[in-house]
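Asker: Summarising the annotation, Swiss-Prot assigns signal peptide to 1-26. Annotation source Swiss-Prot lists topological domain 'Extracellular' at 27-495, citing similarity to another entry. Sequence annotations record features per position, and here Swiss-Prot assigns N-linked glycosylation site to Asn72, Asn80, Asn359, Asn434, Asn440, Asn464. Under the heading region 'Fusion peptide', Swiss-Prot lists 110-134, citing similarity to another entry as support. Here Swiss-Prot flags Cys331-Cys340, Cys355-Cys363, Cys387-Cys392, Cys394-Cys417 as disulfide bond, drawing on similarity to another entry. Annotation comment: Swiss-Prot describes 517-561 as topological domain 'Cytoplasmic', evidence class similarity to another entry.
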Amino acid sequence: MRLTPYPIALTTLMIALTTLPETGLGIARDALSQVGVIQSKARSLMYYSDGSSSFIVVKLLPTLPTPSGNCNLTSITAYNTTLFKLLTPLMENLDTIVSANQAGSRRKRFAGVVVGLAALGVATAAQVTAAVAVVKANANAAAINKLAASIQSTNAAISDVISSTRTLATAIQAVQDHVNGVLASGLTEANCRSQDALIGSILNLYLTELTTIFHNQIVNPALTPLSIQALRIILGSTLPLIVESRWNTNLNTAELLSSGLLTGQIISISPSYMQMVIQITVPTFVMQPGAKIIDLVTITANRMEEEVLIQVPPRILEYANEIQAYTADDCVVTPHAVFCKYNDGSPISDSLYQCLKGNLTSCVFTPVVGNYLKRFAFANGVMYVNCKALLCRCADPPMVITQDDLAGITVIDITVCREVMLDTLAFKITSLNNVTYGANFSMLAAAIKDLSPLDLSAQLAQVNKSLASAEEKIAQSSSLAAQAVSQEATITVGSVAMLIAVLALIAGCTGIMIAVQMSRRLEVLRHLTDQSIISNHHYAELNPPPYNHSYESLHPIPQSH
């Protein structure tokens, strides 16, 4: 029963979903959207490598025409004095690093850099690298400083300076545009004092901006490099022209700046001409044609009154018909591009590939239980929500939004509701959904697996039960081991006594057996002896000895007396 006077069923906006893969290259965005996979962002893939260095000369004081009459611009003198005091520590730090590098051998040069860093109180690897860069760039900075006079004389905002060593630099006059448009024509007019005040106010604002941008460099130039974002502030509108003219690339200037890959380092300051030489490190960029890095957002989906969450990578690389997982951990991610030094993609399984291509029967889902889950996502002005797990209401027009039992998620655009309420959260819908979504999807029971570290109810209970049983067995084993240790001496004595008793028993039994055998043998011998005596006596009776007829017996010899 509907609770509002304006009931609506989103199933009228849907058609049946086929699980066949979508035609064309790339992932099946329409099919995946029905099971809770939403594409939130697509970016181009850029590769970059360490490039060469360029140099920028920043004029800390604009070129001014000579004032007419006896007009004395005291504001410029005060500005120069303040700026010199401000930059003196920076110049001393640079001199400390560079002067310690005057030794001839390479080993001494490196030792000089370390000594210079020790004098500045820094010692990290990044700071050593920055200091070495300052030393290496000092020769180029010296060549650039020799051209300071020619730089001072020009009135152009950007001018190319080429020394005898073909060192290329770009001379920037940060506030020259203001001078050209406001001050240059005004100095020839009357009222020098008002012009002096106007120049002073501009220079004071510029000085405030200067101290804010170069604060870290003023403390220690080898501590942190100057970011291109800070450099753009001080260079103003001239920086895009520099980037586009000097560093030929198809990338947008804002994209380059937001990447943070363009860095600057102060390498020299000329106090006489009030000029600062900055070394700019510009990487080499190459775009991978046809490659897209896609961010995927997952929400829970409904499957026959069961809440499940699909298992897909949060970021993928889509190139032609190839799909890879892409973490981009070592890459720089900007709003429109991903800058990497190498391809960070990793292969995926065949089942996951088929799933991303639109074969939903190959997808793996995890059953989830809990209250604070990803049940909705807002992308491109359209709301994707699992209304089987959340209370979905529309405030404009007022109604309850229902979700069919066979539908995975609900898609809400401006044609359905202009303001949607998800439990206690309110969202404004601003865009029209231009994709047809299905009302249901089929899923094999084997495709539901417990994978992610969510609240998995029964599975978690089984794991806890197994752990408790294992802990109980371990406790029993420990108790038995303790008892065995305490009874070790008793068990040893008892074992020895038992062994002696067994040996004695064996010896006794052996002696008895030997005695019995000897007795039997003696009895047999006695019996055999008796039989032999009886036999001989009987034989003598039956066979008496023969009569003796010898001569002696017939004629006895007379005895002599």
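Numbers run from 1 along the shown chain.
Backbone N, Cα and C define each Cβ position, glycine as well.
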Asker: To what whole number does the mean pLDDT across the topological domain 'Extracellular' (27-495) round?
Answerer: 71
Asker: Reduce the DSSP letter at Asn359 (N-linked glycosylation site) to three states and note it down.
Answerer: coil
Asker: If I restrict to non-local contacts, at least six residues apart, and a C-beta distance under 8 angstroms, what lies near Cys355 (disulfide bond) in its own chain?
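Answerer: Residues satisfying the criterion: Leu32, Ile310, Val312, Ser362, Cys363, Val364.
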Asker: What's the CA-CA gap between Asn72 (N-linked glycosylation site) and Asn80 (N-linked glycosylation site) in angstrom, rounded?
Answerer: 14
Asker: With an 8 Å cut-off on Cβ-Cβ distance and a minimum sequence separation of at least 6, pull the same-chain contacts of Cys417 (disulfide bond), or say none.
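Answerer: For Cys417 (disulfide bond), the qualifying residues are Cys394, Ala395, Asp396, Pro397, Met399, Ile401, Ile429.
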Asker: Would you mind checking how many other C-beta atoms are within 10 angstroms of the C-beta on Cys363 (disulfide bond)?
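Answerer: Around Cys363 (disulfide bond), other Cβ atoms within 10 Å: 26.
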Asker: Fewest neighbouring Cβ atoms within 10 Å: which of the disulfide-bonded residues Cys331, Cys392?
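Answerer: Lowest Cβ count within 10 Å among the disulfide-bonded residues (Cys331, Cys392) is Cys331.
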Asker: Using only C-alpha positions, which one of Asn80, Cys331, Cys340, Asn359 is spatially nearest Cys392 (disulfide bond)? These are the recorded positions in the record.
Answerer: Asn359
Asker: Give me the CA-CA distance between Cys387 (disulfide bond) and Cys331 (disulfide bond), in Å, as a whole number.
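Answerer: So the alpha carbons of Cys387 (disulfide bond) and Cys331 (disulfide bond) sit roughly 37 Å from each other.
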Asker: What recorded positions in the list Asn80, Cys331, Cys340 lie within 10 angstroms of Asn359 (N-linked glycosylation site), counting C-alpha atoms?
Answerer: none
Asker: Near Cys340 (disulfide bond), which residues of its own chain have a C-beta under 8 A away, given they sit six or more steps off in sequence?
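Answerer: In sequence order, the residues whose Cβ lies under 8 Å from that of Cys340 (disulfide bond) (at least 6 apart) are Leu45, Met46, Tyr47, Tyr48, Ala328, Asp330, Cys331, Val332.
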Asker: Work out the three-state DSSP category of Asn80 (N-linked glycosylation site).
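Answerer: It is helical.
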Asker: Would you say which of the disulfide-bonded residues Cys387, Cys394 has the most Cβ atoms within 10 Å of its own Cβ?
Answerer: Cys387
